[in-house]
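Q: Got a structure for you, written out below as structure tokens; questions coming shortly.
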Amino acid sequence: MSTNMGYLRSSFVFFLLSFVTYSYATSFEVRNNCPYTVWAASTPIGGGRRLDQGQTWVIDAPRGTKMARIWGRTNCNFDGAGRGSCQTGDCGGVLQCTGWGKPPNTLAEYALNQFNNLDFWDISLVDGFNIPMTFAPTNPSGGKCHSIQCTANINGECPGQLKVPGGCNNPCTTGPCGPTDWSRFFKQRCPDAYSYPQDDPTSTFTCPSDSTNYRVVFCP
């Protein structure tokens with residue numbers, strides 16, 4: 001009897017801990033719809049994951065997580081120890097990222113449960129563009145809590161001065177950073193996205209922190 005009761009108590013405690021952990025985490029479902037492999041990356045939560053076409057990766061980020069970003073890496077080659085390199089978005093030559101990616105890379109950025117119990121999130125092209133992306137709450141509530149996207153053919157239309165293999169550099173990574181003709185190139189094609197760091201009024205989105213999960217899709 002005592003053994004069974006101990007097992008039941010342990011199971012109940014484990015259930016409660018699991019429930020508490022789940023209740024205070026926000027889920028990000030990352031899906032690759034591209035017709036090629038994307039090596040998804042996420043910091044400071046997640047690390048990295050290979051995603052073939054149609055595959056998904058779920059990241060549970062604790063409420064309060066900030067300065068966080070999700071991005072895709074392309075044309076990667078890793079060995080069995082998870083060491084290698086990527087043409088775009090490389091994070092120090094490892095599969096499991098702990099630092100930010102090397103431009104150009106399209107970014108989904110977020111900070112959870114911040115001012116007024118809101119999540120703040122955006123798509124940023126300040127580090128350039130490599131993969132089309134949508135970023136959306138799974139239960140949009142109107143206002144600034146709705147799906148956003150950057151799906152233009154930026155790689156194909158990229159000005160020669162910014163074009164690099166696999167992507168398109170933002171001038172913030174190569175020179176002057178501000179509202180210029182180059183930043184307007186990005187903003188005209190992806191009006192939801194940051195084109196330079198102070199591009200806040202049309203580029204920052206918010207959702208209630210206690211009722212929202214998110215979905216990031218490459219090549220929607």
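Each Cβ is built from the backbone N, Cα and C atoms, and glycine gets one as well.
Those TrEMBL annotations? Automatic predictions, nothing curated.
Below, the features straight out of TrEMBL:
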type	residues	note
DISULFID	Cys34-Cys219	disulfide bond
DISULFID	Cys76-Cys86	disulfide bond
DISULFID	Cys91-Cys97	disulfide bond
DISULFID	Cys145-Cys207	disulfide bond
DISULFID	Cys150-Cys190	disulfide bond
DISULFID	Cys158-Cys168	disulfide bond
SIGNAL	1-25	signal peptide
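Set these features in their place in the structure for me.
A: Taking the Cβ of Cys34 (disulfide bond) as reference, residues of its chain lying under 8 Å away and at least six apart in sequence are, in sequence order, Gln53, Gly72, Ile131, Phe218, Cys219.
If you draw a 10 Å sphere around the CB of Cys76 (disulfide bond), it holds 21 other CB atoms from the protein chains shown.
Sequence-distant neighbours of Cys91 (disulfide bond): residues of the same chain at least 6 apart with a C-beta under 8 Å from its C-beta are Ala41, Thr43, Gly48, Arg73, Cys97, Thr98, Gly99, Trp100, Gly101, Lys102.
Contacts of Cys145 (disulfide bond) defined by a Cβ separation under 8 A and a same-chain sequence distance of 6+ are given as Pro137, Phe205, Thr206, Cys207, Pro208, Thr212, in order along the sequence.
There are 24 other CB atoms within 10 A of the CB of Cys190 (disulfide bond), with all protein chains counted.
Sequence-distant contacts (6 or more apart, same chain, Cβ under 8 Å) of Cys168 (disulfide bond) comprise Pro104, Gly128, Phe129, Asn130, Ile154, Asn155, Cys158, Pro159, Leu162.
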Q: Measure the Cβ-based neighbour count of Cys219 (disulfide bond), defined as the other Cβ atoms within 10 Å of its Cβ.
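A: If we count other Cβ atoms within 10 Å of Cys219 (disulfide bond), we arrive at 17.
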Q: Other Cβ atoms within 10 Å is the metric here; tell me which of the disulfide-bonded residues Cys97, Cys158, Cys207 scores highest.
A: Cys207
Q: Write out the long-range same-chain contacts of Cys86 (disulfide bond), meaning residues 6 or more apart in sequence whose Cβ is under 8 Å from its Cβ.
A: Trp39, Arg73, Thr74, Asn75, Cys76, Asn77
Q: In sequence order, which same-chain residues at least six apart have a C-beta under 8 angstroms from Cys150 (disulfide bond)?
A: Thr106, Ile123, Leu125, Phe129, Pro132, Met133, Thr134, Arg189, Cys190, Asp192, Ala193
